[in-house]
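Some notes on the structure that comes next.
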């Protein structure tokens, strides 16, 4: 009984913090999204408008719709790139070689230094992108031949490749931790049975990383979604103080953006669990 009380005491701290700093603001934001919010010197005035803010964002705001579609496409393009790059680096760091700890620090360093103000300054200075790649004549000609729906995500990938790889530090560590949990005796038994390194990767390594891959995919989507330089986030922030927008309209767009992010999470989760489930079987 005493141990149970200790457990409830520790959990209560999180519950209180979640309720005060997350749940209560979410409820208040949803309330704002159903109202026209006017901030005056005497306080905040709410005028109930129902779902008008949501209808306006989805039906009459072409900029917001385009930004949502662009966000969805760019996220679906960026996630596999981050996962593949993280897996390759984790496999490399899992090998035995000198100065391995230094290389782990190097690949994780961007996660530490790229706080909001730092990454904003780097982005403004052009250090987080490589725009010259898309201007190479051969690349530009190739992009011109693609349909517009395919051209935009491909161009985003080329221009923002550096920024995408910047988000791989945590994923590398998660993959590395999962790789180190695999029993080496399994690889030795596979080698005795004549399995090649490639076969061992597909039959042993990759199935053992199923959970890590799903976690990394979810983490990547969430990170890209609340990134300070996300175009949707910046647009919502701008509408908060715009004359034609307001807090209520921005709150409605925030919940729509959250719904799109949740749908992307569900799609990626179902796809990865089904794909990796087939590989493991």
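Just so you know, the numbers here start at 1 and follow the chain as drawn.
Note that Cβ sites are derived from N, Cα and C of the backbone, with glycine treated the same way.
Taken from TrEMBL, the feature domain 'ABC transmembrane type-1' covers 68-276.
Here TrEMBL flags 6-27 (among others) as transmembrane segment.
Taken from TrEMBL, the feature transmembrane segment covers 34-51 (among others). Outside the transmembrane segment (34-51) by six or more residues, the chain places 246-248, 251 with a CB less than 8 A from a CB of the stretch.
What TrEMBL lists as transmembrane segment is 71-95 (among others).
The feature transmembrane segment is assigned by TrEMBL to 156-177 (among others).
Per TrEMBL, the feature transmembrane segment maps to 206-227 (among others).
Feature annotation from TrEMBL assigns transmembrane segment to 247-272 (among others). Same-chain neighbours of the transmembrane segment (247-272): 29-30, 32-37, 39, 49, 53-54, 56-58, 64, 68, 71-72, 75-76, 79, 210, 213-214, 217-218, 221-222, 225, 232-233, 235-237, 239-240, counting only residues six or more beyond its ends whose CB sits under 8 Å from a CB of the stretch.
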